[in-house]
Amino acid sequence: MPIVPGRRPGGWKTMPYIIGNETFERVASFGMTTNLTVYLVKRYNMGAVAAANLTNIWNGTTNFAPLVGAFLSDAYWGRFPTIVLACVATFLGMVGMTLTASVSELRPPSCDAGAAEPAKGVGCVGPTAAQSAMLVASLSLLTVGAGGVRPCNLPFGADQFDRTTKEGRRGTNSFFNWYYTTNTAAVMVGLTFVVYLQDSVSWAVGMAVPAGLMLLSLALFLFGAGLYVYVPPEGSVLAGVVQVFAAAYRKRSLPLPSPPEQEATLFNPPAKTTGTALPVVRLPLSQQFRVLNRAAIKLPGEVKCTGGDEEGGGGAAVNRWRLCSVQQIEEVKCLIRIVPVWVSGITCFLALSQLWTFAVIQAFFMDRRLGSKFQVPPASLGVVSLLSIVVFLPIYDRLLVPLMRRATKQESGITLLQRMGIGNFISLSPRRHRAVAEPTRPLSVMWLVPQLALVGLAEAFNAVGQMEFYNQQFPEQMRSIATSLFYCSIAGANYLSSLVVEVVQRKTGKHGQPNWLDDNINAGRLEYFYYLLAGMGFANLLYFLVCAHFYRYKGSGSSVAPGAGEQELSPVYPGDSRRRG
């Protein structure tokens, strides 16, 4: 998509198309894949273990795919083309899955067509090579689509706000809350309505509806194309990171200049503009990780004149592997600061996922009756967490944030690290409650509702805080990678969860003692496992507090984010190479 010079960010008037695209995409994607294991067992005659393994591999790959899509978007393609191509790939993958459900030649014959004992797989025929290829190709297209949509949709929406203005910053804060709210509501629809169609109507209808919604998602996104601001890619962003370390290492023996000498000694050219009306934010030199500042020390012959160098820091580097700009160095520092906080997010997601998983298992052994005829399906308990997110986030955005803003003078009410810390703290509560209540079963399944609601509340604070934190603190040209980091933390939590469960099963249940995670939880000691999760959560909270204490917000010299009227960054607008603010 060509860049429109001077186009001002559209703000909220672009959101129906961007959030609408994400909402329909999430309904379609979750509706298509939630029942994947069941579909593989019932329609592809796979064993339960093989189907679960394939689903886990696909989920893990799909959660890591955004990292690749983000790199291609930020370095070469741009966000808008990446989203469009990814939506097309997702739609084609869903069409492929719909065909496997509709055309009998594309899947194995049903087991019960000739099996004496279909439940045991006797007489079942597995998929042919061609049928397996069709399935794998469809799932691969879904992975490609997720790799493009997930990391780009959120930062593309954030691009539509001018974050150097008070109105733009507040709009961005609200955008993240409403984005996650609609996202969660879409997941609820996918988990309920679409799954109902697949289970109770037919697999063909249950697959065709998500495909139709995906086509609607793409059409809605393209309909708003005339309103968007398009930020162009800037080449390989990872090469710039390596260049800073290489230049700093080459100049490791040079003394660091004192503050009065920095303006004349350090390479600090005017910031590049994006070709749009979006300002480019210049970062001031910080003293944290100051060893990297050597990469900006100018030596004779390292700078070539390019004209218009009114300020001493102008010109261009002859060799970017020997001389880097202050802006480039500060962007690398942003990445270094974020990594410890990101590690904390993995542990938080690990605990939340384990709480949800074992809540479903607990529900099988609890009294699930509501009235005389209805029993609560164990898997539907996840809706409690999602519902608490959908209810709480609008209240937080419209009621709590304005109240906190008046008290703290922070435009977001509280800082992003404070929000994430509150989520970490809340996540401890359901773990302690579960550990205490577990030995008293059998209980009503309704005892799980408050705990799952707290899980949703913890996610509303921590997950939304993480998404906004990464997008605000990453360098401007790496926002797609910032969003992909969120999904990588989920993928890391999934793999770490499997490791924790494996270790617990191997190390417990010896010397006549019950295994903590016995297949029959009535015979195990699940409460000990919850105590372990609580201990891990408490250690993670302490670790997070240490990280938050030493963290320095982008463009700020302190651990406190700039508040209202305290914008620390220097926006540079198109056509203006001077510093402003």
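The backbone N, Cα and C atoms fix where each Cβ goes, and this holds for glycine too.
Because TrEMBL annotations are produced automatically, they should be read as predictions rather than curated entries.
What TrEMBL says about this one:
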{"type": "TRANSMEM", "residues": "76-99", "note": "transmembrane segment"}
{"type": "TRANSMEM", "residues": "178-197", "note": "transmembrane segment"}
{"type": "TRANSMEM", "residues": "203-231", "note": "transmembrane segment"}
{"type": "TRANSMEM", "residues": "341-365", "note": "transmembrane segment"}
{"type": "TRANSMEM", "residues": "377-396", "note": "transmembrane segment"}
{"type": "TRANSMEM", "residues": "481-501", "note": "transmembrane segment"}
{"type": "TRANSMEM", "residues": "528-551", "note": "transmembrane segment"}
{"type": "REGION", "residues": "559-581", "note": "region 'Disordered'"}
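Between the transmembrane segment (76-99) and the transmembrane segment (203-231), three or more CB pairs separated by 6 or more residues in sequence fall under 8 Å, so the two stretches touch. By the Cβ criterion (distance under 8 Å, sequence gap of 6 or more), the transmembrane segment (377-396) is counted as touching the transmembrane segment (178-197), at least 3 such pairs being found. Beyond its flanks by at least six residues, the transmembrane segment (528-551) meets 337, 340-341, 343-344, 347-348, 350-351, 354-355, 358, 417-418, 420-421, 424-425, 427-428, 431-432, 434-435, 438, 504, 508, 516-517, 559 of its own chain at Cβ-Cβ distances under 8 Å.
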